[in-house]
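Visitor: Take a look at the following structure, please.
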Amino acid sequence: MKRQQKEPNTIVKKQEEKIDYEVYCQYTRVWIPDPEDVWRAAEIVKDYTEGDSILYLKLEDETPLEYRIGPKDNALPFLRNPDILVGENDLTALSYLHEPAVLHNLKVRFTESNHIYTYCGIVLVAINPYEQLQIYGEEVINAYSGQNMGDMDPHIFAVAEEAYKQMARDERNQSIIVSGESGAGKTVSAKYAMRFFATVGGSANDTNVEEKVLASSPIMEAIGNAKTTRNDNSSRFGKYIQIGFDRSYHIIGANMRTYLLEKSRVVFQAEDERNYHIFYQLCASASLPEFKDLALTSAEDFIFTSQGENIFIEGVNDAEDFEKTREAFTLLGVNDSNQSSIFRIIASILHLGNVEICSERDGDSCHILNDPHLTHFCQLLGVELEQMEHWLCHRKLVTTSETYVKNVSRKQAANARDALAKHIYAHMFDWIVEYVNKSLHTSSKQHSFIGVLDIYGFETFEINSFEQFCINYANEKLQQQFNQHVFKLEQEEYMKEQIPWTLIDFYDNQPCIDVIEAKLGILDLLDEECKVPKGTDQNWCQKLYDRLSSSVHFQKPRMSNTSFIVIHFADKVEYQCDGFLEKNRDTVYEEQINILKASKFQLVADLFQDTNKDSSISTSSSSKSSRVNVRAAKPTPKVPNKEHRKTVGHQFRSSLQLLMETLNATTPHYVRCIKPNDVKEAFSFESRRAVQQLRACGVLETIRISAAGYPSRWTYPDFFNRYRVLMKKSDMTEGDKKLVCRNLLETLVKDPDKFQFGKTKIFFRAGQVAYLEKLRADKFRSACIKIQKTVRGWLQRVRYQKIRKSAINLQRYGRGYMARRYAEQLRLTRAALICQKQYRMVRERRDYLRVRQAVVTIQAFTRGMLARRIFQEFLLHHKAIIIQKHVQGWLTRRKFRRARNAAITIQCAYRRMRAKRELKQLKIEARSAQHLKKLNTGMENKIVQLQRKMDDQVQSKNHGSTHFIGRSTLFWKASSLHNELKLLKLLNVAFIILFSLKEESQLESSASQSVGRVQAELDEERQRYQNLLREFSRLEQRYDNLQEAKVTVCVCLCVHVNVLCQDRYPMVPGLVLPFSSNLATRETILLRAAWNCQCSLYFGRVFPQRQELESENKKLKNDLNELRKAIADRASQNSSSNELQDGYNLLLGQLKAANEELEVRKEEVLILRSQIVSAPHQKEETTNDIAYCNHLLSPSSPCLPLTPLSFFSLSPPHPLSPSSSPCLPRPLSPRLLEAQLQSQARKHKDELAAFNTQIELLKDDIEKKQEILNHTMSLSPEAQVEYSVQQEITRLTNDNLVRTLQPPTPPLIHYELKVSLTAATSQPTKAKPQLTRQVTVQRREKDFEGMLEYYKEDEALLVKTLITDMKPHAVSATVPCLPAYILFMCIRHADYINDDQKVHSLLTSTINAIKKVLKTFYTFELLLDLSPYTMHFRDNTAKQNEHCLKNFDLAEYRQVLSDLSIQIYQQLIKVAEHMMQPMIVSAMLESESIPSLAGVKPMGYRNRSSSMDGEGPGSYTLEALIKQLGQFHGVMGEHGLDPEIAGQVVRQLFYSINAVTLNNLLLRKDVCSWSTGMQLRYNISQMEEWLRGKNLHQSGAVVNIEPVIQAAQLLQVKKKTSQDAEAICSLCTSLTMQQIVKILNLYTPLNEFEERVTVSFIRNIQNRLQDRNDVPMLLVDTKHTFPVLFPYTPSALSLETLHIPANLSLDFLTRV
């Protein structure tokens, strides 16, 4: 290794060694120096030849420029990179590596693409955007987690992931070094790095160490950050945070070291700057009740917080930040007491700054006059006021013999006061840091750690003091370590690729470091001067001039004797010597410290107990709590004496040495923060400020080291894919790509030193990639020219042919148009003539018709007038005649009416007199018995004649059945009359009761009882009356029912009666009717004939009771009249009782109706009384009739079909003797008839229910067979065979049992009767078909009821066999979800024997076992099994309802199983996503599904990450991803997972594919190209095809990948005009505005012929999308999970047919 000392602003040009003058030709673009923009772009307008002194250029604004070249002027300018390389993620990917190229690339990425991160080899360059960006969320952390550095766009998370992976792989501690100027964003970068570690390496237990690590940030920012002119949140101290990890690489603790706190800021702030944030936060919250004792007001009232004249920061709320600080204190375990002490100390410092010290007259002494701020200071710290007041104005001098107390001047007292304030704040700062370390400390053994160094960058101001000197000294040490590490990595890369190694000169800053820290160096001389009692800054500065003037890195200013210049690696810095000694000593009076030690507050006293010991600020104390074992590269230099350990410079050098040892023992990672401008404007880039920082932070040194060797490196496949267009077809036939690349380079590049072939990569010198790109572009350009030539020729030929064809068509159409126009002219001329002729004719005819019409009109009016005059005269004569006629007729009619009315009046009077006489005589005759005898005499003769004729017909014919039908009809009428009589009797009884009650009420009223009792009895009476009415209504309803039954019977017998009436009843008029007559009329005639016959027999038996009934009836009438009269009287007396009146009216109406019916029946009885004959053989005939009725009612009787006449009592035909007469048997009672009717109705309902049941059974049988068929089709072929055989055996067994045990089906009597009745009553209509299918009753299976019995001791074995040890492939070929069915059958048996302990134990064991496994799917099926059998569902089959659990309700277990199913679903998704995660990016974005479409660009540092050593890039293709999806779907199908759930799983997996693909697309610039969009769209179409093939296109998976589809379309559409912007806005509806803008910013052309997206176009898109209400989201949440919905699918499997395979070894289960 060769070191070389160079000026820091000098860039070595390797082109000077071998300059290729051919490249400086016309149109070549170059960079020239510029005083304002540092570098400016130009273009050569004339070829340059060697020796020319002028290079003719043209600037970008077309301004010509003559650029002088020569040894004394300028060297040849730097060449510009091709546009295709501009904006690369890695600066080392640039072909020309120099300062202008680096600066331009950073500017383009920052201002145009808004990319703040860029790689420069191993360094991450971070530019402060001065704006909050949405690129630090948890989804971004997840996207970068697990990715190789270089695979994604540059990011602080990529550096953190690289450190984390190297720690896990190499088991070596890591460090992330963040440096930069104040305001460059160092603290934020370090904070985000720690956030990444806290998220990725979260603690394994519940200690929340990662939260505590993050909570330390707001505390350290509050006490260590302040507002400066360059930064609103500038860190005024350096810190190194070590995050410890265990062997599982989870965070177990952390430790913090701090360096060089800027204590001077406590007492002094420059203009427009602030003190530390904690002071302003505390003042902003001074109004809180707990802070009343602090006596604080606004920050403007305190000197220490108002010197900068600006106490506010725009956009910052100090009160809210203070609450966050207190929350962080609480999270780290700082109790309220310690927090209160901390705030008291901070408040005391503010009061101490306001203490006013007054000078005495002599000027050598001072005093303090009753200052309230000093009182507050002493009260807050708990010290004595008098002592503090005394020692602030005095000083103790100790000699060997005596001790003196000396007065001090006002200035010295003020300095001592400020020193005390700084000392108190520094010790409080150290105490907080120590407490944070204790809170983050862990007792667990630390395996490794990652350190994050947030340290100040190189600083240079107009006035540089001791702080800037220490900062720049630290940066010199860090730059030296950085150079050595970069050189080492370069060397390792060359050696790994077996490239010949040549020494590279690099800048070594060890001489500058020696000037600072060597013996008799700057720090050594400073410490020596501090020991001198009268040492001054001027004496120390003079010693520097004397000792170090010979060093090239030390200079003396020309115009000053109190400053010196150090030439650092970044720049020359002039330091002012004033204050160096005081700041190095950090002097505080011991007496003041002793007062603080005696504080009554424990925390204040503890802060200063060890003040005389070498605490090394915080390094030694923090190193004790650190458990990091660091092996130093060099032994630590021993401190020569105790006094040296007290100087700040010595302490800082020791802590810096310890830091360097720690960094050297770790693998460093570098983050260089750049401040783009000094006005804090968002995305504004000042080239001059940026290039200063690039030179200072070592980025350009990295570029120079890389450019000295072979900076451009390509893998063989990438080089082959990129530059195969330069190869010949014969070269492409060779299979070895390395050999093809070697042959190509040897052909294209003649100088063998321009490239080297490694094992896996090709190394190029600077500029060679640009040369190859130029050749490639020329190749494409020539091809384009040839294509354009051919296309243009074809277009011209097409255009000529089109023009020629158009000319011919125009000529043809023109000639045709001329001919048609001439013909049209001829037609128009002829038409004009015809029009003129017709017009003239019409005009003449119109005149003629007008004259004629006028003449006719005049004649008509004249003739009409004459006719109307004659008509008026005739009308007058006619009206006069009519009037005369009507008057004469009226006079005649009036005379006639008078005479007629007189005659009628006389006749009416006479006839009325005679009628009264006759009516009186008739009433007298009607009351006599003779009149009744006359009436009965004629009736008796008719009945006797009719009876004889019937007897004759009976004897002549032997049709007994017909005869008895008539007799049964008559008998039914008699029975009806008998029922009515009984009803009337009941009513009479009711009336008697009512009447008696009424009499009682009258007696009670006559006895002058109370009105209330009478009213109560009336209510009771009314209740009884209503009950009687209810009974009466019921009897009436029964009567109506009997009437309906009668009609039905008559309809059935209509045909038979019509025939019989011709023979047996010829005397009855109108009895024989034609068959087509009205059915109701025939029915009435038939019933009256039967009534006359039956009543003659019936009333022969009831006649002895008639007299009694008549007398009883008369009595009832009398009682009724009296009751009616009494009720009417009472109603008139109590007119207010409307309810009683209503009841009375209702009762009266019912009684009237009953009386009318009774009168009718009475008349009929009187008419038939004379026709009654004796019946001596009545008893014998009754017995015979009953026997014959029973014979007819038997099913085997051939006489009559069984009809609703079964409630009649029919008598058989028999010969009658001459002295006897036919009679009918005794009628059946109404209750018996009602019972028979009800019995028949019940039988009919039972038969109907049987038919419905049979139909339902047949439907269930069909549905069950359909389900079995569907289930069989879903099984594998082997499972189909086994399942079919099992089902066939079961069916045959059931058929045999049914045929053996099935009883003969009884005849469907009622159904046949119903059919015959319908056929008889509706002959014209089509007869209904009879039901021929018989009801089949299957015998219930008794051998196996779908239950399994086991013993309690076998429960563990059962659970182990079915769950713990169950392998998915063991049951995949059997019934799906077989373990779930077996477990449920065991639960059924436990329910069957009512063993609650067994049910609880089995379910609990099952759930616990499944929780341990969480790998099978049948828990959901067990839930489905429990659902139909634990409650009745609508979709349950009859067998499932029969198998329901009888004793236990498992609703709670169903909920537990449902929750467990959700866990299994989530576990399934997690496993599937874990398996697919490494495949998605490679398959969707990187694999070439369409060959030769994707282009390759120089990747620079990509694929050079050390984390990829030994790891080949993923080579997954789209086919592999689709195959994996198919495997998932197949496994779910084999395990019987419901198709709807499988669709939800696929939907979730497609969402994961969309999220991962889109996030990578948004974080990778190399894949945002047109060709990637084409590849991505093709890949998505293949996945959509897979969904359609699996019938999953309706599952919602396509909707989830819609954002990726639109992203692919966005990469392919045109992006140039405003119409394109409108199309993009309407197209990308599923993408947010941030995502659209990000993709447009990342869009990268792969060829020079593609155009970049302009900034104006992106701004146009942003303006158009402002109205969108999108969530401000850049990346998609990859952890989002859709809620799962488990559908209820009834099981189609019968538990009785379930077969348990023998390979499960469940012999201990018994089938029940």
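Note that Cβ sites are derived from N, Cα and C of the backbone, with glycine treated the same way.
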Visitor: Which one of these stretches, 228-265, 912-949, 1178-1215, 1292-1329, shows up in TrEMBL as coiled coil?
Guide: 912-949
Visitor: Let's check the environment of Ala184 (ATP binding site): how many other CB atoms sit within 10 Å of its CB?
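Guide: Its Cβ has 26 other Cβ atoms within 10 Å.
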Visitor: Can you count helix, strand and coil residues in the region 'Actin-binding' (656-678) using DSSP?
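Guide: So the counts come to 9 helix, 8 strand, 6 coil.
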Visitor: Near Gly185 (ATP binding site), how many other Cβ atoms are within 10 Å of its Cβ?
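Guide: A count of 25.
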Visitor: Counting across all protein chains present, how many other Cβ atoms fall within 10 Å of the Cβ of Glu181 (ATP binding site)?
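Guide: A count of 25.
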Visitor: Counting every protein chain present, what is the number of Cβ atoms, excluding its own, within 10 Å of the Cβ of Thr187 (ATP binding site)?
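Guide: If we count other Cβ atoms within 10 Å of Thr187 (ATP binding site), we arrive at 23.
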Visitor: Give, as a single whole number between 0 and 100, the mean pLDDT over the domain 'Myosin motor' (86-777).
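Guide: Summing pLDDT over the domain 'Myosin motor' (86-777) and dividing by its length gives 83.
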Visitor: Minimum Cβ neighbour count within 10 Å among the binding-site residues Gly180, Gly183: which residue?
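Guide: Lowest Cβ count within 10 Å among the binding-site residues (Gly180, Gly183) is Gly183.
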Visitor: So which one is it: of the binding-site residues Ser182, Lys186, which has the fewest other Cβ atoms within 10 Å?
Guide: Ser182
Visitor: Determine which residues of the same chain, besides Gly180, Glu181, Ser182, Gly183, Ala184, Gly185, Lys186, Thr187, have their CB within 8 A of the center of the CB atoms at the recorded ATP site, and list them by sequence.
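Guide: For the ATP site the neighbour list reads Asn128, Asn231, Ser234, Ser235, Gly457, Cys673, Lys675.
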